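One structure below.
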């Protein structure tokens, strides 16, 4: 059951697009602004609304980390914003100056694609914030774009009805006439599916158009076969042009919004309609699922964004991350790993890990080299974050399976210390925990409750070495 839990009505004109990160929702409008909301209580962040575009804002999207937001406009620019403080990081001008209709980050934030009304497609290097490659669709305006979960290719859709597949070097690999009256949106699921006959695994894509239809496609991308695009089926239900479509993060659901003012949620595997939502009073222009929570946002020309809550199917019944200790990590399925990634704010890696069949055993064996060479995670920062979370998981496994010496546990968190420090009371604490204790204006000892005569924290290197030696023994 989908329940309407909140309505945002801050825009003064049509809502054109909405996008989630793991902690925020961004919306953009004909009123030239982008608004950013916290998912905790749907209040606007202090720096919102973002103002910088001189004409209507057509699309906005978060980088995989959620730290960067891109927006594009009729003014011919794509603006890059820092989501931590709302600073404008760059203004990327479409070479032709044509109105920019769509923008998308690659899964590893290496590139940003911008597509314009004149059919131009630009691939921007996000490290240098400079133009990397550019091209053009053969006809029509470019209005839709979606990256594959592994970043090897992306798909664009045009107002003449074509779907075009490009590789990450901006080479055109395939072109297909998909919708007679023009494509309006497309999305690629992070969930790979098998054909069951030849053992091939396909990316699943949805496209929608002015012909009132939603079509599902299968994309095979293989070095030895090139690119193959297979039509799968057409989903019905809308009585007017379909303006938006999006997969849920687990790939099990697809949502669409239409000129008929309705939002329809389908079960991807069967094509059955799960919910029809009819609360908007004008055209539904955009819809998006949140990555790690059971939320759906729908935006409309009625100037509002509706937030819906519903129950997502869990990767394994009765096995959420909160009770992960009931199932040994080595026995985790690929879906269990996906649930863990979402809980660690790593939801953008779900598709990549699924594509490489990373289950619990494979997860624990990942190294810096395998992340670089096999999973092709180029960003040092992202690799480090994944490795840190895996190390924390290993340590949690140790804490579950063996009794940790009490002197190795932080008195505040009761967790194994990684960076122990000695406080003025003579006791050792985890550095971050003690710093937070002091930052919250607690100037007494967590152990004795007596005043601390000094707030200085001294590294306890002897204890840190003892913990390291103990961990080495446990991991053998």
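From the backbone N, Cα and C atoms, a Cβ is placed for every residue, glycine too.
Database features (TrEMBL):
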type   : residues : note
DOMAIN : 332-396  : domain 'SAM'
DOMAIN : 403-476  : domain 'U-box'
REPEAT : 50-91    : repeat 'WD'
REPEAT : 93-134   : repeat 'WD'
REPEAT : 146-167  : repeat 'WD'
REPEAT : 235-276  : repeat 'WD'
REPEAT : 277-311  : repeat 'WD'
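Residues 104-108, 110, 113, 115, 119, 121, 135, 137-140, 173-188, 190, 192, 203, 205, 207, 209, 217, 219, 221, 227, 229, 350-352, 354-355, 376 of the same chain, all 6+ positions outside the repeat 'WD' (146-167), place their C-beta atoms under 8 angstroms from a C-beta of that stretch.
Mean pLDDT, taken over the domain 'U-box' (403-476), works out to 85 on the 0 to 100 scale. Across the range of the repeat 'WD' (50-91), the DSSP-based residue counts are 0 helix, 24 strand, 18 coil.
DSSP assignment over the repeat 'WD' (146-167) gives 0 helix, 14 strand, 8 coil.
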